[in-house]
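All remarks here apply to the structure that follows.
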Amino acid sequence: MTTISAYKDSCRKWIGVIWLTLEVNLVAGTIFGFAALFKVLPKYGVYSYYCTSASNTTAAALVNCGAQTREYQNALTLGIAFFGLPSALVGGLVDKLGCRFMKLIGVVFHVVGWLALALVQSGRDYLLYIHTVFSSIGGIAVLITTFASSEYFATSRAVISALFAGATISSTMWFSIFQRLIDDGHATIGHLSYIWMSFGVLLFVSAFLFLDWKFTLCKLPYGTNVTFEQALTQTNDITDSETKWYIKIYQRTGIWNHLLSPLYILVVLFLSVLLLPSVLLSVIWYPWVHYITNQNTVLANQYTFAFNVSTLSALVICPINGFILGRNAMKNGKQQLLNILIVQTISWISNVALCIICMFVTANVIIPALVINCIARSTIVAGSQAVVATFFPSEYIGRLTGIMWTVGGLGNCTGISDGHVLSFGTNIAKNIQEREA
């Protein structure tokens, strides 16, 4: 390879990083901010038939739309489930067929999902579920293929994969911006949905410009950079294709050598456990803030908007964590463990602090909780993904990433559906309704 061609390939790679970061920010994790539309959807009559009215001789009719809100919550929960649970399958297809192939499939799900939201209205209420499911599958396909594209780099993998993680977290803000634009009369949910659907063109173009696949047609001029891996990985990854799967597990060969490694198990457990407080806080944030501000709806809406927009800070916090993890990691195993220890310690401290501070029922803890949540969520997500992208072989990065997010998704779904959490949210809602009455 000549110096000129190497320079062109390097420029193309870094342009791809910027482009893919923008894409991930626009479409990958929007489902986690979907709750911001709960106050917008009733304007379009979505599941309005669930609202019941009761009247008496002394008061005007009162409308109870609790069942309607529960339908929105069910759609959100289903979307979050389909964002995490299919990740292992998506990761397997990425390793088997390549990032480009999987991303093209993701484009189809993305377009269908946002078209469904554009057409949702009274009488077509079911389209809300189609949106959350299809947009989530499209989002996770875009996300994992983008994470896997870090294999084109050597020493920059940790920072790049952490940057992608930050872009995913910050994509939570878009539905809050939708809500503000719709409430101010500047746009409708249909207009915004068609705009987001059109981003499928960007996804399609980037799939051919910056991602590769296993077919010989339209291959990229560059491939996986394994310089960093040669210094870190062992030589027992090459296995006989005829070896039985259970023998591979017993002998810990191929991908099983990495799935059963203490480092990978630790990372998966950390993500599953430490991401849970941030996910739960995003679910109960509005009722919690509404309660401790003495049912001040205007103030609660402002804090909720700030909560979602504050995720932009992940674009700064995540790359910092990636830099810490990747710093001098090529030197030896002790340096790797030290870097991981630093990031995971920050994750533990910030998550414990978040759990403690949310126990105080006072408005003074709202801003500290918001700040600590940004640090905690960014650190655990960026740290986990950067470890997988940096310290494991590229040929398994799709499956290792997918399995990690599937296990994390199972943990989050289990935690959200826990009876104590649901009863806690219900008690807060009842308290709010009683005080307003």
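Using N, Cα and C of the backbone, Cβ positions are placed for all residues, glycine too.
Annotated in TrEMBL:
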TRANSMEM  14-38  transmembrane segment
TRANSMEM  75-94  transmembrane segment
TRANSMEM  101-120  transmembrane segment
TRANSMEM  126-147  transmembrane segment
TRANSMEM  159-182  transmembrane segment
TRANSMEM  194-211  transmembrane segment
TRANSMEM  263-285  transmembrane segment
TRANSMEM  305-325  transmembrane segment
TRANSMEM  337-367  transmembrane segment
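Annotation: stretch 337-367 has the most Cβ pairs under 8 Å to the transmembrane segment (263-285), among 14-38, 126-147, 337-367. Among residues of the same chain six or more beyond the transmembrane segment (159-182), those with a C-beta under 8 A of the stretch's C-beta atoms are 17, 20-22, 24-30, 32-37, 39-40, 43, 143, 146-147, 150, 153, 188-189, 192, 196, 282, 304-305, 308-309, 311-323, 325-326, 377-378, 381-383, 385-386, 388-390.
Simply put, out of 14-38, 75-94, 126-147, 337-367, 126-147 has the most Cβ pairs sitting under 8 Å from the transmembrane segment (101-120). The transmembrane segment (126-147) shares the most Cβ pairs under 8 Å with 14-38, out of the stretches 14-38, 194-211, 305-325. A Cβ distance under 8 Å defines the sequence-distant neighbours of the transmembrane segment (305-325), meaning residues of its chain 6+ beyond its ends; these are 25, 33, 36, 158-163, 165-167, 169-173, 175-177, 179-180, 282, 285, 339-340, 342-343, 346, 370-371, 373-375, 377-379, 381-383, 386-387, 390.
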